[in-house]
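Down below is the structure, laid out as structure tokens.
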Amino acid sequence: MRVAIIGAGVIGLSSALCIQEQFQSLLPSLQLEVYADHFTPHTTSDGAAGLWQPYVSDHGNLQETLWNKETFDHLLGQLHSPAAKEMGLFLISGYNLFREPVQDPSWKNIVLGFRNLTPKELELFPGYSHGWFNTALMLEGRSYLPWLTNRLTQRGVKFFHKKVESFQEVSGDGVDVVLNCSGMRSGDLQPDPELQPGRGQIIRVLAPWVKHFIITHDLKSGIYNSPYIIPGSEFTVLGGIYQHGNWSEENSAKDHKSIWDSCCQLLPALQKAKIVGEWSGLRPARPSVRLERESIRLGNLQAEVIHNYGHGGFGLTIHWGCAMAAARLFGAILQEKKQLATPPGPRL
Amino acid sequence: MASPKVAVVGAGVIGLSTALCITETCPSCSVTVLSDQFSPNTTSDVAAGMLIPHIYPDTPIHRQKQWFQETFTYLFAISNSAQASEAGIHLVSGWQIFKSPPKEELPFWSGIVLGFRPMSEAELQKFPQHRFGHAFTTLKCDCPPYLLWLEKRLKATGTQLYTRKVADLWELHREYDIVVNCTGMGAHQLVGDKQLFPVRGQVLKVHAPWVTQFIRDGDGLTYIYPGIHRVTLGGTREKGNWSLSPDAGTTRDIFDRCCSLEPSLQGAQDIEVKVGLRPSRQCVRVQREVLSQGGIKLPVVHNYGHGAGGFSVHRGTAKEAAHLVEECFSALQGSSSRAKL
């Protein structure tokens with residue numbers, strides 16, 4: 001049985017791994033194939049800083065909160081394993097800053113040590129009157145994607161460097177299930193007006209004295225439109241851009257200035273930091289993640305498509321929960337095709 | 001006496017910060033720093049520079065608290081300024097963990113560091129052998145950057161810094177009016193202080209940039225302190241051991257102990273081993289003295305014996321020493337005006 005996964009960002013690779021881990025031994029004929037036009041280090045996941053943190057408000061989407069928790073708990077469990085360094089996984093603490101009082105976030109009990117900031121701490125951030133401190137995780141795409149790729153390759157998953165233009169292209173010819181993990185470009189495979197780019201731009205600097213993430217919030221201008229500073233293992237990411245509907249992947253001088261000025265105001269010592277790179281990417285934004293099955297008629301064949309896209313600016317944060325959910329959908333498909341007596345995997 | 005000449009002996013964190021305080025409180029003083037070693041070869045360069053106080057048994061707690069508060073406030077302001085990276089001062093968060101609950105529920109400094117609170121159950125799961133802990137955010141002074149920054153500030157005030165081995169404080173009496181003794185472990189020989197003893201510390205400085213959190217075992221023996229470029233892994237507390245040579249068995253032991261708290265350290269690179277002798281004393285000696293020989297007097301201000309807590313209290317003791325220098329200056333002016341009569 002052949003399964004085609006379209007997309008090799010964190011969603012595509014982790015979904016492939018979940019399915020491989022859960023079903024390969026039960027279904028020896030299972031052959032997974034990953035198709036993508038971009039592989040690490042050129043995917044959206046590679047550009048992201050890699051901080052595990054959902055948006056401040058979950059808009060009542062409990063399912064996504066559960067997937068976030070599943071991801072955090074899974075990663076926390078990997079923290080002491082020898083693979084952690086190779087995965088780009090490590091603990092990090094930091095600050096979320098607000099200019100007004102806000103409700104505690106849905107993830108306050110998922111992260112470690114969540115608390116409000118003390119007045120002394122707020123002295124560090126003039127202009128901000130409230131905030132949170134917590135310990136979370138970093139999962140750097142530049143390390144995590146190669147790690148996933150190695151695991152998949154070791155287990156016989158095949159990779160194809162190809163821009164897939166339609167589901168027909170990969171289905172048929174023995175491919176029974178297609179996983180659509182194409183992120184921003186899902187609209188090319190099947191129109192989805194709800195999927196829109198949330199353009200971001202970041203500046204990469206050398207500032208190794210910064211040991212905390214600092215994320216500011218301006219509730220009027222919306223998520224990520226306020227400066228943020230996220231230290232990584234090789235460089236520190238400065239950001240604060242979210243432009244809904246902007247498809248440009250070119251770095252903008254205006255955005256550069258906005259990021260630089262606002263981050264230096266937040267942390268004056270950044271003025272001395274050396275700039276080592278700049279990047280623009282498109283967050284595949286959607287009111288909610290599309291994670292569902294669809295049967296697609298292609299000629300006289302029927303293909304099962306599992307959609308797993310629209311993770312906006314929280315792909316790394318939510319990826320494992322979604323991968324497990326995609327694997328459950330896959331299990332249901334196998335059951336229907338009478339490939340399996342009962343779906344495997346832990347009873348959740 | 002228009003411009004008293006002050007010699008500060010010692011160029012570790014105590015000597016340099018004391019010299020700087022003197023230039024601040026006594027602008028008319030001409031300050032010179034004399035030391036046989038400068039950064040990166042001082043005891044301070046071996047230390048991680050974490051602001052977590054060491055308790056001195058014979059110094060009143062309120063005085064230790066004041067020293068720590070002053071030091072923390074001073075460095076907090078620098079960490080928040082454009083100079084933070086040059087000065088090597090940065091905030092770092094983490095945990096102090098205990099296998100059995102500590103005697104004191106709240107250390108005297110809990111209100112001075114940031115966000116001090118008990119660790120949650122979820123956080124303690126990371127340390128299965130430990131049952132209790134504190135989480136907080138404090139400051140770290142990275143060396144050499146901090147010492148080099150102090151040297152730069154001193155030079156900007158016109159302070160001269162000379163490499164010179166001072167064998168006897170008295171040899172300075174012709175060139176200087178007041179001598180400040182910040183010689184750390186050197187005071188054992190220099191002023192014959194038998195209450196001063198070394199507590200040998202061996203540390204590893206490694207490349208592990210994914211370690212962002214500090215971890216310190218409450219017994220003070222095992223610690224992981226992430227700095228700007230390197231993580232300091234420790235350590236040992238060997239009372240009375242004068243050896244400055246790294247010990248291979250100790251290196252292995254420190255590495256193993258730290259890896260058991262933070263397994264990802266197995267992937268650490270570029271391991272550098274360093275040894276320092278903590279200049280330890282039951283109480284820090286911040287004190288005036290007047291040496292006299294054949295009718296000639298030499299005022300001396302001592303500021304040494306900070307043991308494991310040099311960075312934590314350096315600014316506080318430096319200010320106190322600078323006040324004592326002022327007192328020496330006033331006394332000299334008084335006696336010189338008497339001499340004129």
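From the backbone N, Cα and C atoms, a Cβ is placed for every residue, glycine too.
What TrEMBL says about this one:
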{"type": "SIGNAL", "residues": "B:1-19", "note": "signal peptide"}
{"type": "DOMAIN", "residues": "B:5-324", "note": "domain 'FAD dependent oxidoreductase'"}
{"type": "BINDING", "residues": "B:Thr43, B:Ser44, B:Val166, B:Thr183", "note": "FAD binding site"}
{"type": "BINDING", "residues": "B:Tyr223, B:Arg278", "note": "D-dopa binding site"}
| remark: For B:Thr43 (FAD binding site), the number of neighbouring Cβ atoms whose distance to its own Cβ is within 10 Å equals 25
| query | Under a criterion of Cβ-Cβ distance under 8 Å and sequence separation of at least 6, what residues of the same chain contact B:Arg278 (D-dopa binding site)? | reply | B:Thr43, B:Met185, B:Pro198, B:Val199, B:Arg200, B:Gly201, B:Arg237, B:Gly307, B:Ala308, B:Gly310
| Around the Cβ of B:Ser44 (FAD binding site), the count of other Cβ atoms that are within 10 Å | 30
| field | Spatial separation of B:Tyr223 (D-dopa binding site) from B:Val166 (FAD binding site) - C-alpha basis, Å | value | 35
| remark: Spacing of the two Cα atoms, B:Ser44 (FAD binding site) and B:Tyr223 (D-dopa binding site), in whole angstrom, works out to 17
| request: Compute the C-alpha separation of B:Thr183 (FAD binding site) from B:Tyr223 (D-dopa binding site), stating it in Å without decimals. | output: 26
| query | For B:Tyr223 (D-dopa binding site), what residues in its own chain, 6 or more apart in sequence, show a Cβ-Cβ distance under 8 Å? | reply | B:Ala48, B:Met50, B:Phe214, B:Ile215, B:Arg216, B:Asp217, B:Thr232, B:Leu233, B:Gly234, B:Gly235, B:Cys258
| request: Mind looking up the mean pLDDT for the domain 'FAD dependent oxidoreductase' (B:5-324) in the predicted model? | output: 97
| query | B:Thr183 (FAD binding site) has how many other Cβ neighbours within 10 Å of its own Cβ? | reply | 29
| request: Look up B:Ser44 (FAD binding site) in the DSSP assignment and reduce it to helix, strand or coil. | output: helix
| request: Compare all C-alpha positions of B:Thr43, B:Ser44, B:Val166, B:Thr183, the record's FAD binders, and send over the largest distance in angstrom. | output: 19
| request: Taking the Cβ of B:Val166 (FAD binding site) as the centre, count every other Cβ atom within 10 Å, in any protein chain shown. | output: 19
